[in-house]
């Protein structure tokens with residue numbers, strides 16, 4: 001195998017990263033997404049992420065991924081109406097959520113809630129495309145309800161009504177979290193961040209969902225597997241760690257001095273670099289503008305200025321660029337989102353991409369079963385039980 005990979009329909013050469021297993025190895029075909037073909041680009045079904053983030057609401061992108069096309073104005077209105085009607089939780093799902101302790105990891109709550117929903121509203125035999133899309137829409141509409149019903153009950157003993165009349169998924173999330181409708185600015189910020197997180201080709205959680213789908217398993221099982229993969233700190237959770245880093249410091253100068261020492265000591269700084277992008281993460285420029293606007297509106301540029309300074313430091317010292325997580329941490333923090341909910345928000349966005357990949361994998365209708373390079377001992381003589389030492 002060559003030590004470089006030339007992506008199809010592109011002259012851009014990507015060198016596989018030694019720290020990432022199977023880096024640069026194509027593991028299947030997809031018509032859903034391209035990542036880093038030119039080193040710093042991202043497309044969903046052929047549409048540039050910069051155009052989608054600038055012009056689309058999240059529900060438009062969800063429709064693009066799950067239902068295969070950007071909706072017309074009438075189709076978007078009908079889709080939003082459908083999603084609003086799907087925000088409620090069955091009684092037994094609420095009962096399951098009420099049994100989970102407050103100390104539960106929110107990602108475990110998401111996984112358990114989806115499993116309970118799958119037991120209550122299981123996928124029908126036959127696994128039709130229309131049925132899978134309906135389940136995807138139900139999950140998209142109700143994941144915020146699952147998370148925040150548990151959160152308020154476990155922390156305050158309050159049984160909230162998870163149905164709201166908010167126009168968007170992001171608005172619904174913020175309304176349930178804070179108990180009031182969010183500002184237009186916050187709702188717009190959520191639209192953008194969810195669009196940016198919605199899809200990213202064969203990342204670990206998406207590939208997990210495709211492996212499960214390839215076995216002929218149900219939609220819920222594939223989504224649950226993806227949530228489990230995203231729970232791992234090497235995949236999801238980078239924005240949570242990014243905020244922890246930023247909150248260590250009181251000033252940009254203090255942050256710069258400490259990070260330069262850590263870089264000299266070969267410490268890894270989470271929030272920088274990417275397994276696929278080689279030039280820059282195209283999502284970064286978008287979320288950075290969002291973070292700055294939210295910080296200005298909130299009357300505090302402290303976290304933004306620290307994050308901005310460290311962006312400069314990491315480029316000067318390591319030639320490492322920030323990824324989406326670095327300034328999404330600032331954005332979510334400015335909207336009052338608890339740090340432990342950053343990765344669940346990732347789930348709410350990415351369920352659209354996961355669902356699209358599951359549907360696509362089913363159409364391929366092949367089980368995924370790669371081979372392994374055996375590195376163990378060969379031709380060992382068998383030793384009888386009584387003679388082993």
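Indices start at 1 and increase along the chain as displayed.
Here the Cβ of each residue, glycine as well, is placed from N, Cα and C on the backbone.
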Candidate from 94, 350, 388 that Swiss-Prot assigns to the same substrate site as 82, 200, 283, 369: 350
Recorded substrate binding residues, 82, 200, 283, 350, 369 - maximal Cα separation rounded to whole Å: 37
For residue 269 (CoA binding site), nearby residues of its own chain (Cβ under 8 Å, 6 or more apart in sequence): 245, 259, 262, 263, 310, 314, 320
Residues close to CoA site centre defined by 268, 269, 270, 271, 272, Cβ within 8 Å: 238, 241, 242, 245, 273, 314, 320
Other C-beta atoms that fall within 10 angstroms of the C-beta of residue 325 (active site): 26
